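Annotated features, as they stand in TrEMBL:
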BINDING   D17, E199  Mg(2+) binding site
ACT_SITE  D17  active site
BINDING   18-22, R30, H34, 62-64, W66, R68, R180, 186-188  substrate binding site
ACT_SITE  N65  active site, proton acceptor
Amino acid sequence: MQSEAVPRALHAGIIMDGNGRWATQRGLPRLAGHHRGVEAIRRTAEACPDLGIGTLTLYAFSADNWQRPAEEVGGLMRLLRSYLRNETQRLARTGTRLSVVGRRDRLPDGIPQAIAAAEAATAAGSRLHLRICVDYSARDAIIAAAQRLQSQEDLTRESFGALVAGAMHGSPVDVDLLIRTGGEQRLSDFMLWEAAYAELHFTERMWPDFGPDDLAAAMAEFARRERRFGGLKAPAVPAAA
Ligand code: IPE
Ligand code: IPE
Ligand code: MG
């Protein structure tokens, strides 16, 4: 059940790293790790509402990941296609609104249409806003926002941030908790604007092994952090009204 002390509107981001190493350590092809990663997405997303997370942004494929071998990129795109085909109904049933963030013009034929269909079919979801970043680069998102500017009048952190983040459907732009699995401690061009004051959580757990217990542990640590936003002491999780 939802704990009273936890606000519902938290925004968590996850850099889902370590799929390839998970597989290699087991003598499996890297794609096997990506397949297992999809199951981790499902169980992690479904744990969010009860932990007070209303928005979950997942880094699935970066603009720089096109550099990987064609076989791996092709496998990842097939996985995205099957995720959209197989998960949409379940997302709708669990009250999850899906948004796919990033460029769509370089995705293989049929995928942009499948994304639009999945987004439309889940648009009524209000328990969780699940944002999946595909062909995403935070720096490119900032450039694109700058290019969309009509004039610099009244430009604020809020108005420019809304351009950077894209359609949020009422979700907060700012990320509260940013998790990276797989042991690396870097951002790899993920939500550079939105994570300005995010609490960072790095874990050695490889993404295919990640699940609700790891998310709960990250949230427990988050709740103990003292967020100051440049000011003075304030609790990470404000007391319930
Ligand atoms: C993250 O896992 C998923 C993608 C980047 C597509 P990796 O594929 O980067 O796995 P490692 O870091 O090589 O283990
Ligand atoms: C970041 O992981 C991108 C995703 C998790 C989708 P990478 O594995 O691509 O990042 P680097 O190359 O280790 O920085
Ligand atoms: Mg990696």
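Heads up, the Cβ atoms here are built off N, Cα and C, so glycines get one too.
Close to ligand 2, meaning a Cβ under 6 Å from one of its atoms, are these of the recorded positions D17, W22, A63, N65, L187: D17, N65. Only D17 of the recorded positions listed as D17, W22, A63, N65, E199 bring a Cβ under 6 Å of any atom of ligand 3; the order follows the sequence. Separation of the C-alpha atoms of D17 (Mg(2+) binding site) and H34 (substrate binding site): 10 Å, rounded to the nearest whole number. There are 24 other Cβ atoms within 10 Å of the Cβ belonging to H34 (substrate binding site). Take the CB of R180 (substrate binding site) and look out to 10 A: across all protein chains shown you find 23 other CB atoms.
The residue listed as 'active site, proton acceptor' is 17 Å away from R180 (substrate binding site) when you measure Cα to Cα.
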